[in-house]
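Feature annotations, courtesy of Swiss-Prot:
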type    : residues                                                                                      : note
BINDING : Gly16, Gly18, Lys19, Ser20, Ser21, Asp32, His33, Thr38, Gly64, Asn119, Asp122, Ala150, Lys151 : GTP binding site
BINDING : Ser20, Thr38                                                                                  : Mg(2+) binding site
MOTIF   : 30-42                                                                                         : motif 'Switch 1'
MOD_RES : Ser36                                                                                         : phosphoserine
MOTIF   : 63-79                                                                                         : motif 'Switch 2'
LIPID   : Cys194                                                                                        : S-geranylgeranyl cysteine
LIPID   : Cys195                                                                                        : S-geranylgeranyl cysteine
Amino acid sequence: MMAIRELKVCLLGDTGVGKSSIVCRFVQDHFDHNISPTIGASFMTKTVPCGNELHKFLIWDTAGQERFHSLAPMYYRGSAAAVIVYDITKQDSFYTLKKWVKELKEHGPENIVMAIAGNKCDLSDIREVPLKDAKEYAESIGAIVVETSAKNAINIEELFQGISRQIPPLDPHENGNNGTIKVEKPTMQASRRCC
């Protein structure tokens, strides 16, 4: 019997850093060069194995534009994890990332797993944010950090695997609704015939 855990994950960060592209690459293994900016938020799901569980990621991709910033708490409330994305070629996006982390720490779920994704690592020749800086910052806040490229499918799966590994295992003695669905193989039963 394999348990399916539903894990709400939100993506936060500046507009244009590649949040939607990361989600599309992870869920659909697709990259769109002409993707439109997200309005409000978009939603996708993907289920992946993790140990003896299945993690069903309920992924909320939030808009990065300032005018939608006030909607973000609606998406990170109740989240098991948050992926805060910055563009390695834009120092300003790394500064904004720190504001998102501060907001999550003040208003987000207490035990939220935080992952920092430095996207567009395929453009490392025009890098503005050293990986060393991202690693030091991630360590200081207890987050995982991964450099990704949605365009070239670099470390996208690893990002979500890292989140899965940080999610505490289910307590087998816990009662109640914890977002888990039991999946069992159907058993063959002898059929009864009437008449």
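Glycine too: its Cβ is placed from the backbone N, Cα and C atoms.
Shown here: features listed in Swiss-Prot, placed on the structure.
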residue: Ser21; record: GTP binding site; contacts (Cβ under 8 Å, 6+ apart): Phe31, Asp32, Ile35, Asn119, Ala150, Lys151
residue: His33; record: GTP binding site; contacts (Cβ under 8 Å, 6+ apart): none
residue: Asp122; record: GTP binding site; contacts (Cβ under 8 Å, 6+ apart): Ser149, Lys151, Asn152, Ile154
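Local packing around the binding-site residues Gly16, Lys19, Ser20, Lys151 was summarised as the count of other Cβ atoms within 10 Å of each Cβ; on this measure the leading residue is Lys19. Averaged across the motif 'Switch 2' (63-79), the predicted model reaches a pLDDT of 63.
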